[in-house]
Structure formats: C-alpha cells, structure tokens
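Here the structure is laid out as structure tokens; the discussion comes afterwards.
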Amino acid sequence: MTKKVGLLVMAYGTPYKDEDIERYYTDIRHGHKPSEEMIADLRGRYHAIGGLSPLAKITEAQAYGLEKALNESQDEVEFKAYIGLKHIEPFIEDAVEAMHKDGIEEAISIVLAPHYSSFSVEAYNKRAKDAADKLGGLRIKAINDWYKQPKFIQMWADRINETAKQIPADELLDTVLIVSAHSLPEKIKQHNDPYPDQLQETADFIFEKVVVPHYALGWQSEGKTGEPWLGPDVQDLTRELYGREKYKHFIYTPVGFVAEHLEVLYDNDYECKVVTDEVGATYHRPPMPNSDPEFLEVLRTVVWEKYSN
C-alpha cells in the first residue's frame, strides 16, 4: 500500500459571502469587532472589484492542483491536501484535526506566501504545530520560505517580459518595475526579521532576468493600526518616482502574493492606477500565478524537495 502523506496548504482566507465580512474582520482584529464604518469600507472595496474576492476558489484550485501535480509526478507516496486558513473556516486547527482523523502521521506544510516572517509564516506554522502536538501522533515538516526557488523567479521574469511587450520599444527606457509585498509593522526589524531582505533578494533575482531597465522596491496594503509599517508604500513610491524620473510606464509586480485577491485587484489595479492616471503614466500588471500549471510546478518542486530531504 502506498504511504499517505498530508499536504497542509495554509493561506489567509477570505469571506465566502457578504454575511461573513464582519466575523472575518473580527478575527483579523483579534476578536475586536470592527466599527460599522470599517465594515462599510471593506464592503466598498469588495464592491469596487466586482464582488467578494475570488481568493477562496483560487486557494482550493492551488491546493488540489498541487496535490494532483505531486501525485502524478511520482508513485512513492500519495499526498492528500488539506486547506487550513488563518482567519476563516476551515481554520488551520480544523485542517490538522482532519489529518489526524484520517490517520495521517506525517505531513508537509506550505504557506501560500513565498517569504518568511515571524509575523506571518511563523504564526501559521506555530498554529499547525501546536494543534498537531495537542492531538499527538502527527509530525509536520514546515516549509518556511520558497522565494529562492529558480522556477518561481523565472515564472515572474517571464510574466514581466511578456507584459513589457505591450510597451513601445522606444519607451522601454522610461519604464520602471515596482516589486512589492504586503507591508508589515516596522517593529519586525528590531528582531532581525528576514522578511524585508527576502523581498529585496527576490527583486534582485527577478531584475537580472527582465528587459525592464529600472526597478524599485515598495510595500503595500498596510494595516490601519496606528503604528509605523514598512515603506515606502507603492502609491507614494509611484508619485516619488514619477516626480524624479518622469517614467511613462509602471509595471507593478506584487510578488509577495500568489493570487488575484483584494490586495491586488483593489490596492494595485485600482489605487495604484489612480496614481498613474493622475501623473499621466501607464499602469501595467502581469497576471498573478493563481492556479496556473507553471505555478503549480513551482509549488510541486518546493514540496517534493522538502519531502525528499
């Protein structure tokens, strides 16, 4: 009989329907109920992208697509995918419990975010480990980051180069690539958190492989907590770069994300485009990885390498 290995795929989660918005937001806020204004603001942003974020369906397609890719590429073990979400059901603990019930004794976990941070990925891993320890008999090998995987870098470089084809050749010199990820509270730097450096490395790796002659690093989608977050914010960065260099084309590449969700469809496609329109430049964004076979191959390679070692 083929050995069964759990595949715990963890992600942020998104509301499934309008009624979920309040409890989802309450979970993000550590149990503090948001004000009516906050809920209205979030609802308004979902409305602006045409309804609730497609993230839930994309996460499912990524998890089960990865399971299929792993099982079709070898016959040593059979992987079984379980989705564990941070802010809505199925929660990470629900997924670990389901693995335990299915008699899984060994699992690999991956967070659908390429960069490690004590604030994000570590929090996912800790919840999974705590749940497994409590139940007993289940060992989870966690993947901390996977931004260095050459196939990941190549995938983004190919997408950027494809997007650059839309730009007239004589305007390519006036084009800048903005590489970004979700901002985190600035206090992570006090603990030597590798997150900012990992984004910088990702940008450097990608920049070596693209035809775009300039790039800058930005942060986006920061929380409204009143404390300082990592910057510059992509919108401020756009204004600053235009003011200094008069770039005609801005290519936004939110490499910290892997799907078309609110942070991309609103914070990039709407908010950043407002700024490029304002300064008279053109907005571009390569397609997100979603559940494209090319991206599933990136994840498959990462998981298989972790399992094999």
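The chain as shown is numbered from 1 upward.
The backbone N, Cα and C atoms fix where each Cβ goes, glycine too.
Among the features that Swiss-Prot reports, Fe-coproporphyrin III binding site is placed at TYR12, ARG29, ARG45, TYR46, SER53, TYR124, with the record citing sequence analysis. Annotation source Swiss-Prot lists Fe(2+) binding site at HIS182, GLU263.
Taking the Cβ of TYR46 (Fe-coproporphyrin III binding site) as reference, residues of its chain lying under 8 Å away and at least six apart in sequence are, in sequence order, PRO15, ILE21, LEU52, SER53, LEU262. Cα of HIS182 (Fe(2+) binding site) to Cα of ARG29 (Fe-coproporphyrin III binding site): a distance of 17 Å. Classification of HIS182 (Fe(2+) binding site) by DSSP places it within a strand.
In this entry, TYR12, ARG29, ARG45, TYR46, SER53, TYR124 make up the residues listed for Fe-coproporphyrin III, with the farthest two CA atoms of the set 26 Å from each other. Every protein chain considered, the tally of other Cβ atoms within 10 Å of the Cβ of HIS182 (Fe(2+) binding site) stands at 24. The local packing around TYR124 (Fe-coproporphyrin III binding site), expressed as other Cβ atoms within 10 Å of its Cβ over all shown chains, amounts to 23.
Of the recorded residues, GLU263 (Fe(2+) binding site) and ARG29 (Fe-coproporphyrin III binding site) place their C-alpha atoms 17 Å from one another. Look at the binding-site residues TYR12, ARG29, SER53, GLU263 and count other Cβ atoms within 10 Å of each Cβ; ARG29 has the fewest. The Cβ of ARG45 (Fe-coproporphyrin III binding site) lies under 8 Å from the Cβ of LEU262, TYR266, each of these being in the same chain and 6 or more residues away along the sequence.
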